[in-house]
Ligand code: ADP
Ligand code: MG
């Protein structure tokens, strides 16, 4: 008998622990598909379906898997992650040259979004299609950092695969974090690499609009045909069709038809598939089948990197102190960050003076104040932990003792009250907890506030300190 049951039984426990650490979404994308092989000479063999997955699991989870597992079973000293035999032909994402792109459907046209006349979507000259894509939204102009590295890697993967590795690719994240940029980048890159692959990009809103037109002109056959003949279909902001039942129905069929034919589908939304309210259950679950990649809120490093790249592309010299100041102060999203930079550059040109820290503060006066008032979840966790004299780490830990669980609930409650973060986002910041846990915490705190006067005062005090 080995320690703690069979390897499979050990894996159930190891992966359970990992799930707590990384959260449900990451678990489902990366850890659930792993197959456990044998233990030989202290090494556990783990099989994954694709090379892309192997690289990702290797760099992001292998150390944790090994560490937790050897805690379970000291005989486990290392893990070896290998690609399942049948899929070895998928191609390495790290080396572009190694991928021979084979167009699955040779064709002399490329499809893109274009304004429609009548119900027809039309397949026309590619330049007209591409006229609707922002030429600045390329991979070259996309700055990669921790918060977006998965989404970026996956988007790249879509462009260099002749084989569909995951379907759909579902990108989600808050406003202004780069979803549309990545989708346009995919289209540009595919055009560059293989103009024969037919790409169609459009917003969910346009999809609906065209669908309704087709219905009106009794031309749904043509509508269906157009969508179903593409190699890559990208639908941006799919949350838009929440609650729009017949559009969802049509989208669901289009989606299935493409996936069945092994065509790549890329979707973006502001929420994860499971959090898309007003979406039919079968569609939500179907959307989560492929790779779900979330773009997290920006970090200071990423913001600074974006500012530097942007200043360079605008060909302006800006003191690094000014860029650091902006990266520090404007934390909402990349769109606002770019807007701020544009404003200070425009102002400097207009008044003919150099950009300084003072002029920046002056020009961005309103923007800086709006960003100032935002409290972050990190700050809330820190303050609450200090107040109740617990360790900051307990905000993320799985410990359930009341002495730490209650303050954690208070912090979740304040995060809901004082930030614009959604329940799943909050859950993620608290050690990858589920959104229902956050919801429960919010209710619990509200309940206690009405029944326990001193508790209510405590929470009020914390709130004032954080807002002040
Ligand atoms: P979303 O579709 O997620 O709301 P967008 O893709 O429209 O966001 O991005 C908003 C702006 O921020 C765009 O101008 C985009 O070029 C820029 N942007 C976002 N992320 C990055 C990044 N990582 N590097 C460079 N620019 C970015
Ligand atoms: Mg967008």
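Every residue, even glycine, has its Cβ placed from backbone N, Cα and C.
Lifted from TrEMBL, the feature list:
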- 1-113: region 'Domain I, interacts with DnaA modulators' (REGION)
- 97-118: region 'Disordered' (REGION)
- 132-348: region 'Domain III, AAA+ region' (REGION)
- 165-293: domain 'AAA+ ATPase' (DOMAIN)
- 176, 178, 179, 180: ATP binding site (BINDING)
- 349-468: region 'Domain IV, binds dsDNA' (REGION)
- 376-445: domain 'Chromosomal replication initiator DnaA C-terminal' (DOMAIN)
Listed in sequence order, residues not in 176, 178, 179, 180 with Cβ within 8 Å of the centre of the ATP site Cβ atoms: 173, 175, 177, 181, 182, 268, 295, 334, 335
Number of Cβ atoms other than its own within 10 Å, given for residue 180 (ATP binding site): 19
Local confidence of the prediction over the region 'Domain IV, binds dsDNA' (349-468), expressed as mean pLDDT: 90
Surrounding CB atoms that lie within 10 Å of the CB of residue 179 (ATP binding site), all protein chains: 24
Residues that sit under 8 angstroms from residue 176 (ATP binding site) by C-beta distance, when 6+ apart in the chain: 332, 333, 334, 335, 336
DSSP-derived helix, strand and coil totals, residue by residue, for the domain 'Chromosomal replication initiator DnaA C-terminal' (376-445): 51 helix, 0 strand, 19 coil
